[in-house]
Structures are given as structure tokens and as C-alpha cells.
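Scroll down for the structure; my scribbles are underneath it.
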Amino acid sequence: MILSAAALWLDQSCAGFDQAILGAFHTLQQSPLHVVLDPLAVLLALLGKGGIALIPLGLLLLALRPTRKLGLGVLLALAIGALCTNVLLKPLVDRPRPYADEGRLLYQWWLEAGAHLESDASFPSGHSTAAAAAMTALFFLGNRRKTWACLLFALAMGLSRLYLAVHYPTDVLAGLLIGFAAGYLAAVLVQRVPPRPAN
């Protein structure tokens with residue numbers, strides 16, 4: 001398997017960190033908590049797949065007058081995050097998934113997690129980017145006393161990717177950081193949009 005220079009650097013420099021974190025999540029998979037965590041991780045994976053939940057959320061908020069800026073922020077954040085992650089970084093870095101090499105222990109952990117095959121590269125995590133982007137936009141554009149809990153959804157999304165062994169921790173960390181930046185940028189841009197005059 002030929003790795004890009006960036007993917008090779010990630011694998012070599014972060015191998016110990018990635019393996020240790022994924023090992024901890026594998027231990028969690030084997031605990032009694034897996035009865036709750038397994039379906040939760042699968043649900044989060046579904047919600048984050050191709051924007052199946054986040055795009056409709058943005059459209060719904062955009063359609064309602066009181067939350068129009070929130071919806072615009074969510075959709076813009078998702079677009080910025082997808083551009084950075086799926087269009088630019090994933091093809092550029094081209095890092096294989098943890099389970100790509102059947103001779104590695106990570107492949108066995110992925111089998112035990114029962115997760116589906118993913119069709120794109122591993123770095124950075126698209127699920128984590130999208131969740132962090134949308135939730136960060138909501139946080140900065142909404143009432144922060146009420147919307148701070150949105151950030152927990154982004155964190156849960158990232159953790160679920162590790163639980164299912166479909167990403168390395170460095171993939172998820174990068175995805176969360178990119179998503180936060182995308183969400184913040186979207187919020188700044190939306191706040192500069194002048195309000196529509198009342199009819």
C-alpha cells in the first residue's frame with residue numbers, strides 16, 4: 001500500500017498515540033456498557049453520514065424567520081467544512097482507514113465493532129468536521145447559554161468514530177478543529193449580513 005507523504009508521517013509520528021486511544025475504546029467495546037454504546041455509535045454514524053441530519057436541520061432553521069440566521073450559519077459552516085475536508089484534505093493526505101490493513105490489530109478491532117466500510121480516506125474525519133461545524137455555528141449565532149450543549153453533540157460524534165474504529169484519533173481531532181474553525185468563520189460571515197427591512 002503506497003501512502004502519501006502526509007499519511008506516512010501521520011502513521012509514523014502518531015502511531016503510539018493513535019493505538020493507545022483506540023485500544024482504550026476497544027476495551028470499552030468489550031465492557032457491559034457496549035449494550036448502550038453500540039447502538040448509540042451506530043445512530044451517530046447514521047446522523048452524520050452525508051449530512052443526512054445536519055443539512056435538513058439547517059434548511060429547517062433557514063425556513064423559519066426567527067432562526068433564519070442560524071440556518072444560514074449551519075449550512076455555510078457545513079459547506080466550508082466539506083470543502084476543507086472532503087474536497088481538499090482527504091484526497092491530498094489520502095490516509096487509509098485504521099482497518100485497511102487486514103494484518104493489523106486495528107482490523108480485528110473494527111470487525112468486533114461491527115462498523116460499515118467507509119468509501120473515502122481517513123484524514124480528517126468528515127463526520128467530526130460536519131458535526132463540529134454545524135454545532136459551532138449554532139453556538140456562536142444562538143443564545144450561548146442555551147446552545148452550549150450543541151458542542152457536546154460534536155464531541156459525541158467524534159468519540160463515536162473512535163468507538164467504531166473507523167478513524168484514528170488524529171483524524172477526529174483534526175476534524176473537530178477544522179469544524180470549529182468552519183463554524184466560527186460561518187458565524188462571523190452571517191453576523192455581517194444586514195437584516196432585511198421589515199415589510
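Cβ coordinates come from backbone N, Cα and C, glycine included.
Long-range contacts of the transmembrane segment (40-63) within its own chain (CB-CB distance under 8 A, at least 6 residues past either end) are made by residues 70-72, 74-75, 78, 82, 113, 115-116, 126-127, 130-131, 134, 156-157, 160-161, 163-164, 166. Annotation source TrEMBL lists transmembrane segment at 40-63 (among others).
Here TrEMBL flags 70-89 (among others) as transmembrane segment.
Feature annotation from TrEMBL assigns domain 'Phosphatidic acid phosphatase type 2/haloperoxidase' to 72-187. The DSSP breakdown of the domain 'Phosphatidic acid phosphatase type 2/haloperoxidase' (72-187) into helical (H, G, I), extended (E, B) and coil residues amounts to 84 helix, 0 strand, 32 coil.
As annotated by TrEMBL, transmembrane segment applies to 121-141 (among others).
Listed by sequence, the residues of this chain that lie at least six past the ends of the transmembrane segment (148-166) yet keep a Cβ under 8 A from its Cβ atoms are 21-22, 25-26, 28-29, 37, 40-42, 44-45, 47-48, 97-99, 106, 109-110, 113, 115, 118, 122, 125, 127-128, 131-132, 134-136, 138-139, 142, 172-173, 175-176, 179. What TrEMBL lists as transmembrane segment is 148-166 (among others).
What TrEMBL lists as transmembrane segment is 172-190 (among others).
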